[in-house]
Amino acid sequence: MKFFNNSSTITGFILLGFPGPREGQVLLFVIFFVVFLLTLMGNGSIICAVHWDQRLHTPMYILLANFSFLEIWYVTSTIPNMLANFLSDTKVISFSGCFLQFYFFFSLGSTECFFLAVMAFDRYLAICQPLHYPTIMTGRVCTNLVVSCWVLGFLWFLIPITVISQMSFCGSRVIDHFLCDPGPLLALTCTSHPAIELTSSTLSSLLLFIPFICIMVSYSLVLQAVLRVPSAAGRRKAFSTCGSHLAVVSVFYGSVMVMYISPTSEHKAGMQKITTLLYSVVTPLINPVIYSLRNKDMKHAIKKLFGI
């Protein structure tokens, strides 16, 4: 990928992040450092529990382990640079560093959208087609779905990001965000590029709504099937299994859609930072909490892992 354009005098960008006094920056550093460590430990525990407990070697938990692995890399694409900026006086990110972060953040986010859809499909098969589930969701099919999520995620925004990285940037180097986001980057280009803006917007819309529709359809069918279960215990178990997934979906998609459909206002930059934090920092943090606390098998495996 070409990261530097000879016609541009830009050698880097300034990420404003969350401006404030030095004491406030140190406090934010401590908060996000703790969040980062908790996210790594929580998601790492799920991966280890699934790996070491033979009872969890099923498609549902294999998908969950991959999802946790994804979340670890998702927060790693943003928080370390954010932590460095809290203690930095210049808050500069290099041109290449900015576009690498741009690529990995959006690729991992795209992969998460696909994973959430696949996990919803898995729950649909398990609850609505229980007799056929073992023959449909085989180990090979599960592996193919996992690989497809990763490949599609990392190819989805490759062309737009490559094109944007080769544009000429002039004027202010300031990005009013804590990461390299396409909106502020395009605003810094020397000329407008409606074609690439339309392409990025179209890809973002397809990425958001196609998996979301698949998730909603899957869980609508699951809900219908659960309501037909005669025993109250059976209904509670099915709702408990799906409830954790729906909680993660709600936080992730809710925050992303609020950002994309919210009207332009003078507080738009602040709103973008908060909503981006929700789906890029909060979701990876609560993912292990939701799945471990609402799932008996996962709680047992984690207790066994830590010798509790």
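Going from the start of the chain as shown, residues are counted 1 onward.
Quick reminder: no glycine exception, Cβ is built from N, Cα and C everywhere.
For 26-49 (among others), the entry in TrEMBL reads transmembrane segment.
The domain 'G-protein coupled receptors family 1 profile' annotation in TrEMBL covers 42-291.
Per TrEMBL, transmembrane segment is recorded for 61-80 (among others). Within the same chain, residues 32, 35-36, 39-40, 43-44, 46-47, 50-51, 101, 104-105, 108-109, 111-112, 115, 118-119, 122, 142, 145-146, 149, 178-179, 280-281, 283-285, 287-288, 291, 297-298 sit at least 6 positions outside the transmembrane segment (61-80) and bring their C-beta atoms closer than 8 Å to a C-beta of that stretch.
TrEMBL lists 100-121 (among others) with the feature transmembrane segment.
Taken from TrEMBL, the feature transmembrane segment applies to 141-159 (among others).
Under the heading transmembrane segment, TrEMBL lists 206-227 (among others).
Per TrEMBL, the feature transmembrane segment maps to 239-262 (among others).
Residues annotated as transmembrane segment in TrEMBL: 274-293 (among others).
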Residues from the same chain, set at least six apart from the ends of the transmembrane segment (274-293), whose C-beta lies under 8 A from its own: 32, 35, 38-39, 42-43, 45-46, 64, 67-68, 71-72, 74-75, 78-79, 105, 109, 177-179, 181, 244, 247-248, 251-252, 254-256, 258-259, 262, 299, 302
Other same-chain positions with a Cβ less than 8 Å from the transmembrane segment (100-121) and lying at least 6 residues past its termini are 1, 60, 63-64, 66-67, 70-71, 73-74, 77-78, 81, 93, 145-146, 148-150, 152-154, 156-158, 161, 164-165, 179-182, 185, 207-208, 210-212, 214-215, 218-219, 245, 248-249, 252-253, 279-280
